[in-house]
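The next block holds one structure in the form of structure tokens; read it before the comments.
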Amino acid sequence: MRMRSSLAHGTALFHSRRRACWVVFLGYRCYAGPSLPLPPMSGEMVKQTIQIYARVKPLARRQQAGIYSVGEDEKSASSLEIIVPRDLADGFVNNKRESYKFKFQKIFDQEAKQDAVFESIAKPVAECALAGYNGTIFAYGQTGSGKTFTITGGAERYSDRGIIPRTLSYIFQQLEKDSSKVYTTHVSYLEIYNECGYDLLDPRHEASRLEDLPKVTIMEDPDQNIHLKNLSLQQATNEEEALNLLFLGDTNRMIAETPMNQASTRSHCIFTIHISSKEPGSATIRRSKLHLVDLAGSERVAKTGVGGQLLTEAKYINLSLHYLEQVIIALAEKHRSHIPYRNSMMTSVLRDSLGGNCMTTMIATLSLDKRNIDESISTCRFAQRVALIKNEAVLNEEIDPRLMIIQLKKVIQELKDELAMVTGEQRTEELTQEELLQLEEIIKTFLEDPDPESMLDVGADMRKIKHCFNYIKQLINRTNIPDRHLLSPDITGGEDTNTPEKKEELKKLRDLLHQRDNEINILVSMLKKEKKKAQDALFQLNTGSSGLAVSESSLSISLEEGQRPSACVNVKDTQDFSSSVHRSAFLPRRTGSGGEMSLGRQEAFEIFKRDYVDSVTIEDNKQLLKQRFAEAKSLGEKVNEVRNKINHLKGEITQRHMQRAALGVASPSEELNESDPVEERLRAQIEEEKKSYKTMFNRLKGLKIEIEHLQLLMEKAKVKLQKDFEVWWSEEASNLQDQQEKLPVSNSASALRASPQSLESQQHLYANSFSDTSRVNPSEDRGRKNNLSRLSNSTSNTRLGEQVNFLLHSNTPFVNEEIWTIQKSLLFPHLLSLRTRNNSPLWVCSLTEKK
Ligand SMILES: Nc1ncnc2c1ncn2[C@@H]1O[C@H](COP(=O)(O)OP(=O)(O)OP(=O)(O)O)[C@@H](O)[C@H]1O
């Protein structure tokens, strides 16, 4: 005999758990009630015979030769036919018959899975337990026929979980779903070994010898209710906790090794799930128990070939199973008044499950190989007798005595109060502090309730009624008096305002109200005025700036408005030429978003950038940066390649190791430590790759630094460019202004009177005039020419041509000699600036490209 290894986790969990009451009431009366449990208040009775099922353990192929067959009859019950082979028929079973037929609710053949067994057998019983009925499922069969496998499950696969874990899981799932009731669940795990009971959830189980453990004993009260002393009930609030307890109990379970079965359980085990449920606020509690029983093997002692301790065990097991059979036989006989439950502990404990308040199901586990055929037939016969037993399950409802007492006390008090009121008898004693507080709470709730139908119910106690009136009166006086002055006559009922003083006061208040109204009106109109003013100012500001924008985009001679009113008069289409160009149009103008440039200025900036002295450096750097980026990218790819290669080579070495190890196993003579040339080569290759990896990696690092540096340089250059542009822009603007001030009015006026030429010839002229800009560096020159051609191309009307033509060919002294170039103002196509040799701007034109 040996104990299964202890489970540290389970034990720890167990120790922290609160121990339940030491006495458990079996039967439908509660375990935790007063010393004399109350009878069930109500209950729907369910009468049914014990349901019997058979499960056939999978056999080895060679044993499967036509020993049994499974069929279904017209009532959809299953029948099992066991055919006794001729060589066995002469034996002790029955030497005349060769075939035995048994009926079951259902037969689970060899291939039946655990989930199917649970669905058909355990689920309905679990549902009954949840509804408040007791239930029992017990497995009966010879050693090794699959009782433990069916009830607890196999340890190998998750899918092998048996009825207990699946039932726990199902029950907790259902409890979670049902929020209408408050449920409490406890479990107990009893082991009956050699007619003694042990608590499998007792934490001392592992540490002590079995003999030293307190035995679970049966006690019977005068009402023949069974109580189990020393069996603990452990609360399990969820599936995990319940499974831990099951696991702990299984670990503690006694097992012995017999020649027939190396891990045969030699004890009866009863795992019980206790469920109680109560609707919130209700005094009715439902309590039910679900016993899941794994009986010890039913084989005959002679066959097991054991002796000593095991023989004693076998005797006890057989004895208790014999008593179980006695009980079953007695129950099956209709007129037997005495049922010998007390003969064994197991029958005492399962008393309710056998012919009592319980829905009971039996699973006959069968091992239908030749060797066990007689045992299987015995099991089936036993099952047939069990099927005759009728049980009467009732809904286990009871009233919680504590709640019942509270409720009854309340009723008595109410009746007393009513009586006192009817008889006119006055209760003289003062209301207690607690009662007063309660009343105040009730009044508050009543006053706050918006429902006009709500009632103030304080019972028939006159003291309470009086107190309520007083309290409400005080409340009204205290809280409402000051406010009543402000109430309208309708609300106050008009009565209070009738006195001359109150009328006076009311008048004063109304005047005050009127005065305040006036004040508010004045303030509002002031506010409106201010708002309008602000809007006007804002509007003016906006139109002012849009005026600038208009002047900027229009073409006119660069003179102040009013100074040269005739400037545009001579031009054909006055709509296209504005008469003025405001000086500020040329000044650096920031838009609302701060650093953004206006369109013209932006274009100027673009061209300035192109002609900028450092632009070559910037461009070079940009190219270099691009180059470096490309280089870094390809280098990065190469580095990755090399790394992959190294990893691959390493993998090859590992494979090589494995091959060599396998070789070493196959032929131990081969020396594994001997150096491997293939591996050597692979290692050399890795070294090479590592070297190149390192070089490339370093180069990549260098490149990264270089790129960062170049980026920094670019950033700096950008800032410098922007600054230079700003300087140039403002210089340009101030020069222009000076120039405008000095300019003789007649020049421009006469210029505009000059005869127009064709656009083509004008373009030609521009080109010529720019062709001898020898002092300008070639790139600048190219830029200007481009700008010029852009300008000419974009100007499809002849007006611009007319003006420029005049400037170039008129007899004014600066024309031909003085004009050096159409320079910077060409930076943006809307502006033209004629410059003299000393680079001072003469004219600035703004043009609109209207077609
Ligand atoms: N339906 C089944 N499918 C697969 N394996 C099974 C089945 N039934 C039983 N077994 C295997 O047979 C062996 C014995 O089963 P089990 O321990 O459940 O028998 P038992 O009736 O509980 O024996 P005992 O009476 O000695 O406790 C176990 O290894 C179990 O895994």
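Cβ atoms are placed via backbone N, Cα and C, with glycine included.
TrEMBL lists 49-389 with the feature domain 'Kinesin motor'.
Summarising the annotation, TrEMBL assigns ATP binding site to Gly141, Gln142, Thr143, Gly144, Ser145, Gly146, Lys147, Thr148. According to DSSP, Thr148 (ATP binding site) is assigned to a helical segment.
According to TrEMBL, the feature compositional bias 'Polar residues' maps to 767-777.
Sequence annotations record features per position, and here TrEMBL assigns region 'Disordered' to 767-795.
Positions annotated as compositional bias 'Low complexity' by TrEMBL: 786-795.
With a cut-off of under 6 Å between the Cβ and any atom of ligand 1, the binding-site residues Gln142, Thr143, Gly144, Ser145, Thr148 reduce to Thr143, Gly144, Ser145, Thr148.
The Cβ neighbour count for Gly146 (ATP binding site), using a 10 Å radius and every protein chain shown, is 21. The binding-site residues considered are Gln142, Thr143; of these, Thr143 has the fewest other C-beta atoms within 10 angstroms of its C-beta. Cβ proximity to the ATP site centre (mean Cβ of Gly141, Gln142, Thr143, Gly144, Ser145, Gly146, Lys147, Thr148, cutoff 8 Å) flags the following additional same-chain residues: Lys57, Ala139, Phe149, Gly297, Thr365, Ser367.
Listed binding-site residues: Ser145, Thr148. The one with the lowest count of other Cβ atoms within 10 Å of its Cβ is Thr148. Taking the domain 'Kinesin motor' (49-389) as a whole, pLDDT averages 82 in the prediction. Between the listed binding-site residues, namely Gly141, Gly144, the fewest other CB atoms within 10 angstroms of a CB are found at Gly144.
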